[in-house]
Structure formats: C-alpha cells, structure tokens
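**Q** Here's a structure for you.
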Amino acid sequence: VRQRRQRRGPGGGRALLAALLLLLLCVWCRAAAERLRYAIPEELGRGSLVGPLARDLGLSADELPARKLRLSEEKQYFTVNEENGNLYVNERLDREEMCGASVRCSVSFEVLVHNPLNIFHVEVGIEDVNDNSPVFSKAVLDLEIGEWTVPGARFPLEMARDADAGSNSMLTYTLTSNPSFSLSMQEKPGGSKLPELVLERMLDRERQSSFELVLMAVDGGDPARSGTVQVRINVTDANDNPPVFSKNLYQARVSENLPLGSVVLQIRATDADAGSNGRVSYSFGSVLEPVRELFTIDSESGEVRTAGALDFEGQSEYIFGVEARDGGGLTSHCEVQIDITDENDNAPEITILSLSSPVPEDTPVGTVVAVLKVRDRDSGENGEVSCSLSGEAPLSIVASSGGSYKVVTSGALDREQASEQRVTVVARDRGRPALWSSRELVLEVSDVNDNAPVFEEAAYSAYVAENNAAGALVLRVQARDADAGANGRVSYWLAGGSAGAAGAAPLVSVEARSGALYAQRSLDYEQCREFTVAVRAQDGGSPARSSTATVRVFVLDRNDNAPRVLWPAAAAAAAGEVVAVDADAGRNAWLSYELVQASEPALFRVGLHSGEVRTARAVGERDAAKQRLVAVVKDHGQPALSATATLHVVLAESLQEALPELSERPAGAEAAAAAAELQFYLVLALALLSALLVLSVALAVLARLRRA
C-alpha cells in the first residue's frame, strides 16, 4: 500500500504524464491487409481512448449505424463507441496478469463490419509501466561464514524478482556499507545479474560473532522502484569447504502432461569436508510460488520431480535456482532450466463470430453468411488447423487471415426445397494423432416471391342445372403457391370470359379467399347452354405473381317448358293432325300424343309420335256427322308436362255436303293464312329439333371424353 501511495507523489505525476504522452502518441499501422495495430500503456483507466477505429477502417460517422461495427473478443477488454467509432478501454489492463514474464504482450481480436459483412483483425500492444517493485522471496537471508575464510571469498545472495518487463525489470543491487564486506555482481545466462557477498578481510568470531546488512534491489523504471532484504551473517568455526555443483546450469527437456512424480533431472553437489560438514542437502533457492507448485526437489538425492500438471500452453520454460547446504551451514547455488515441449493435447476451438440467419433464397453465389474463428492452443504442426464443411448444403468455407474463416454460398438457395441449411464445420489439426472438433451451423432460408400460384387443373368443367338459386355453388377452384407467408397467400379474381350474347361477367362471381364460384342469378338453359370464365390466382408478394385457369360451365336442361300446340290453333279447330313443339331439350322435348276424349272413341286414333289423326275403322251411317276430339301432348320430363288440342271432324259423303259445316269456320282467306302459318311453324320445329338432337349428341360425347 505504501508503494502505491508513493506512485501518487511527485514521481507518480511524472508517470501519469508519461502515460498520457504515450496515449496521445500511440501509433497504428496495417501489418497486412485488413489488420490494425495500436499500442497503449498498461493500467489505463476505463474509458481511455485507444484509437480512432472507424476512421482507420475507412468508415465515416454516417455509415456507422448501417455497418454495425462491433468487437468479437471473448473477454471485453475494449469497447467501441457506436456514435464516433472510437476504440476505448473497457477495463483496467494489467500486463503482468495478462502476459506474465513475456517480453511481448498484446491483445488480438476481430472487428466485424456488416452490410456487407467483413472482418478486420486488430492487435493492441500493452506496453509495460513500472508498477511493480522488486521483491525478495524471504524477509531475511541467513549466512554462516567461518572465521577462517580468506578474504575474497564469495557468497551468492538471493536475486530479487520484478514482475515488470524490459528495462523496468532490470535490477541493480546495493549493500549497506561495511568494511568487512562488499557487493559483487555475477553475470548469468540471459543477462540477469546474481548479487554475491565478497569477504574483504578476515573475520574474528571472538571480536564480532554476527553482522546485519541490508541488500537493496532497484529496477530500471522511471521513477525507479526498490525492494530490500536483511542479510544476517553468523561467524562460525571450522567448516572450510562449501558444496560444489557439478554444473552451474542444469537443463532438461520434458513433454507436457508428464505424470505427477516423474523425475525431471537430478542435481548433484559434493563437499570435501567430512562428517556433517560434508553432508549436502538440497532446496529451492529464490523461486516463485508457481515453481514450488509444479516441482519438488528431494533434499537428499537432489532429484527434481513433477508435483503438478505441466502445460506448454500456460508456460513453456521454467528457470529457477537450487541451493546446496552442507551441515556446517555453507551454501552454493546453481540454476535449473526446464523446457516444456508441446504435445497435441488441445483440440481446435471453433467460435462463431457472426451468422447471417435467415438469409434470402435469392442470395447471390459467393455471399458471406457466417464468419468463424478457429484457434488451437498447441504450437507448431499441433496448432496448424484446416477447416472443412460436412453436409449437402450449397455452402463452402474460405480461409481468411488471422485464423478466421468465411462461410459463403456456393450454389443457389431454394426455400421451397429446403427451408434451412444444416452444415457441420470440422476443424482438424496436423498433430499425430490429429485432434478435431466440429460445430453445426443452421442457416434459415427466408422466402422470396419466386413462385407463381399453380392451379390443380389448367381447365375446369362444371355442370349446373338450370333454374338454380342465385348464389348457388358452381365450382371450387384451387391453386397452390410454394412460397411462404404473404408470398404464398393466394387470392382469386375473374379475369374475363365468354358466354355468347349473354355475357359471362354477370353470371358468376368468385370468392377471393376460397376460390369458390357462385351463380349470380338463375340460369336458363333455353337462353344460355354453356359459357366460359377465366379465373386468375394471384399471390400476395411484391411484385405479385399470378396464373390463370379456364372454367367452362355447362347448363343442364330441366323440364320447365310444357309442350306448345302449334296446330290446330284455337281459331282453326278443324285439322287432321296435331302439331306441337317443346322448348326443352333431350327427353324433356320428346313428345307423345294420345286421344283423351272423343265423340266416338273407337272411330279415331292419333299417331303416338306423329300426332296424325286417322280413322281406326270404317265410318258408318250411325256415326255422327260432327265429331269432337281432344288430344293431349306430353313430354318425357320428370315430372312430365302436357298440353291439349281440340279437333272438330265433319263426316260427309262429299266435300259439297261438308261445305255448310265448314262455312261456320274461318273464311277461305283466313284458312290459307292459317295454313301458311302452320307450314312456317312446322319448318321451324323441325329445324329446332334437328339442332337440339345434334347438340345433345355432341355434349354427351364431349362429357364422356372429359371424364376419360
């Protein structure tokens, strides 16, 4: 706490000024295409500016809302302002927590820009600030020096540890002034210096049996930080040989995931003294706590064994000191370096940075629909990853920079065939044996109005009996649209038609939702025997799509017309045959004749189908001269309809005898006119019957053909 408060003193002001200068002068540059680099000092407060990210990506402030600039880092050390696109610190960054003793420290993440989708790689270097003081592992160092030790003898002291990096961790040492001792520095591999206590003159235990000195370690920061340790020296007798190591540096290379208790290496030191003074014991020197958690040293044999799980990805190298002490208290030190080799023990990790789902089915080939990041914590070939897609979806995967991959469309999408596309991303490293992982991508395909409605039949036929009620159902047409939602919602309309002079438009209507055709009014076979209408099916897309089907409606005859007697007319009741017509068709127009009333029933008969009145026997003298006959004409409808005709017959020997009776009937001119009228109706009736017969046969054949 005291050290933290010192930072806020006069020296702390200089540090803050330096941090601000670094912040204002942080530079960025593109390392390659789509890569940005920034540099900031550690310990910046939340909200501190890192750099103008949007501007460096070539985005203006007006584009930011549509482009949706966002970060993809797993732990949000940074945040981007949605209004100006600047990159800011989101939480305090401690370089020592993030990168440990590593010389280079940086945070890498991806920046996603949408519309169109693109990915940029950003690296923010974390520069060290001298925020850690040198620390000794012990508060007191105890040394025993024999009074017989000659001047110039050297005694290694503990090295201090500074968690900072670079010049901030370069330490220098000072020792409190004492005429019997001085401080010397021994250069070690890697550039570090080991402080050694040098005896300047002979010691006399009887005059002074102990000394207390203070060793101070000062780092190279600005302002500098320091740490101290008390050195207590006990002057002893007779142990004049310290332990001697066979090497100054012991090295070993082991693989990670080594079983606990495995021997890594063995330290060996010898002591020329005899007895307890020559008995050597081993212990760790100045080491950090993580080393003590991972390794143990046998105090008697000097074997260094694993005590915890070694992880190459956590730390690949351990360097620590070992102390050998004899029974008389003399010590010596050596250094141990253990290199951890990588094993392929980490499967690739797949992270989905962005997924554009749903995607329209008319998306062009080559459109980016997903951005992935694949990371393998192993190194070398064990960390080299290749990605592929497994599945039948029209998608492909393309490698990007920085371990990123883009999933793009490789073929046309069709929602009607597959409303979603499932594909598995498989990431496989090059280790032996290879490790792999997979991640399923589910891409929903949204509908586009690319299908017109399709009728179940191209042409429909409907049969409606005449005299139907207005609003009666004629036919129901149905069209299906393979699209979804509004694009597949079908409405029906009349698109025109033909029904001769009658016109089709007022005859039927169609319900927009169901496609049901209803009769607008009662149909009359005698006026309109068939008509056609065109029905259009239209979907709700924009723009709308449509198709047309033809509906042909046949009006079926009903027996709604009774036979009409053309001859004899009411004004000319004398005749030799009955002539009648029926406006209906088919069986409804087939007529039959019979006598229902006669003065002499046995004297006359009428032709069943011709209507001719003939004598059934010879006329006798007893027969009345005037005969009255009533004939009925019936059609073959169900129920049958009929009409009656009355005939007056005069029986005479000659025409002269009948003339007086005939004189009571219409005059000769009137009879001639009646005969002409009768002839006209007969010709008309024959023409109509012939036409009806031909039409009935044609309709029957057509109906059978359509059913077939």
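Placed from the backbone N, Cα and C atoms, the Cβ positions cover glycine too.
Annotations in TrEMBL come from automatic prediction, not curation.
These came from TrEMBL, pasted as-is:
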- 72-136: domain 'Cadherin' (DOMAIN)
- 137-245: domain 'Cadherin' (DOMAIN)
- 246-350: domain 'Cadherin' (DOMAIN)
- 351-455: domain 'Cadherin' (DOMAIN)
- 456-565: domain 'Cadherin' (DOMAIN)
- 578-662: domain 'Cadherin' (DOMAIN)
- 1-33: signal peptide (SIGNAL)
- 680-703: transmembrane segment (TRANSMEM)
**Q** For a three-state summary based on DSSP, what are the helix, strand and coil counts in the domain 'Cadherin' (456-565)?
**A** 4 helix, 54 strand, 52 coil
**Q** Using Cβ atoms and a strict cutoff of less than 8 Å, what residues sit near the transmembrane segment (680-703) while being 6 or more residues removed from its termini?
**A** 529, 554, 566-567, 579, 581, 585-586, 589
**Q** Between the stretches 246-350, 351-455, 456-565, 578-662, which wins on the count of C-beta pairs under 8 angstroms to the domain 'Cadherin' (72-136)?
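**A** Out of the listed stretches, 351-455 contacts the domain 'Cadherin' (72-136) most.
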**Q** Give the residue counts of the domain 'Cadherin' (137-245) per reduced DSSP state, in the order helix, strand, coil.
**A** 4 helix, 52 strand, 53 coil
**Q** Could you give the mean pLDDT over the domain 'Cadherin' (351-455), rounded to a whole number?
**A** 91
**Q** How many of the residues that make up the domain 'Cadherin' (246-350) does DSSP mark as helix, as strand and as coil?
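**A** DSSP classes over the domain 'Cadherin' (246-350) add up to 10 helix, 48 strand, 47 coil.
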